[in-house]
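First comes the structure, then the notes that go with it.
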């Protein structure tokens, strides 16, 4: 913990060697040092990473994953969906009341992140992505963050306008803090762990959405859903995403709401003629999303504070995608007039083929 010290006896060195901080991601951030001996021998060649060497380099310049066999489309589309991995996309209305008091417990748990592959994740309230919060403009959110993990963690709510110094501070295991903000602006906002390296904490599952409704409410729809898009970095079971591969952008799969292709395995189902609003947030950590539904045109699109097209105001027009950079979000509205299977994808097609792909069955 900050302010503490420990003495480590490494014995007698007979050759030059390298040391580094073993806290997740710190080696990639430059916390390394050299031990140079006199009267010894030169350092041996660097060894391949081992399970104990949790942040050693992968030695992979071509993006190949040394930690896991990446499941291809056939394996993903024929998989049994683990109930723990399932994330219900249904979005409930904002709760009543103007003050929302919640607890966020940070834990580190081994979970299935792709068919047949389990690894450590860092979680808000035991899930990835974290819980979707909802409220109205003017509501107060008071979140108690409790660190029940083994390393420092924090949280940053983009929906709040606060000085970062105290509420976004990294807290040690066993500590807690209160993060309070008033939601003054509506839309869908990202929250995430703000502890460095943020890319690694986000890649390991520490991100989620806050949805704030406008003062006058939103247009009526029959169903609302929320999708959080992200990349997936497969890593060792005991340590999770590898810091060096995350830093290099070497992701293996993509997903909505934590798991690749889960809404192909368990599609969203609605009736013909029903109107749907789908909120989409891109938590990255790096890649853009171009959200599209095959066979549909969006008559309403809201993104980052403004409508780009709105039903009833813009005649005989529409949109084919909702484009989102990391940390951007919005929603689309569409009415499905005909029965059938409508596929939603990230229209960056290589990422759709890696798992940002699902189905809406219209009966």
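For all residues, glycine too, the Cβ spot is worked out from N, Cα and C.
As written in TrEMBL, here are the features:
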- 153, 158, 192, 193, 201, 206, 347: Cu cation binding site (BINDING)
- 107-216: domain 'Plastocyanin-like' (DOMAIN)
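Locations of recorded TrEMBL features on the structure.
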residue: 153; record: Cu cation binding site; DSSP (3 states): strand
residue: 158; record: Cu cation binding site; DSSP (3 states): coil
residue: 192; record: Cu cation binding site; DSSP (3 states): strand
residue: 201; record: Cu cation binding site; DSSP (3 states): helix
residue: 206; record: Cu cation binding site; DSSP (3 states): coil
residue: 347; record: Cu cation binding site; DSSP (3 states): coil
Cβ atoms near residue 193 (Cu cation binding site) (within 10 Å, other residues, all chains): 25
CB contacts for residue 347 (Cu cation binding site) [other CB atoms within 10 A, all chains]: 18
Confidence summary (mean pLDDT) of the domain 'Plastocyanin-like' (107-216): 98
Of 153, 158, 192, 201 (the binding-site residues), the residue whose Cβ has the fewest other Cβ atoms within 10 Å: 158
List of residues, in chain order, with Cβ under 8 A from that of residue 206 (Cu cation binding site) and at least 6 apart: 106, 122, 123, 124, 128, 130, 153, 192, 193
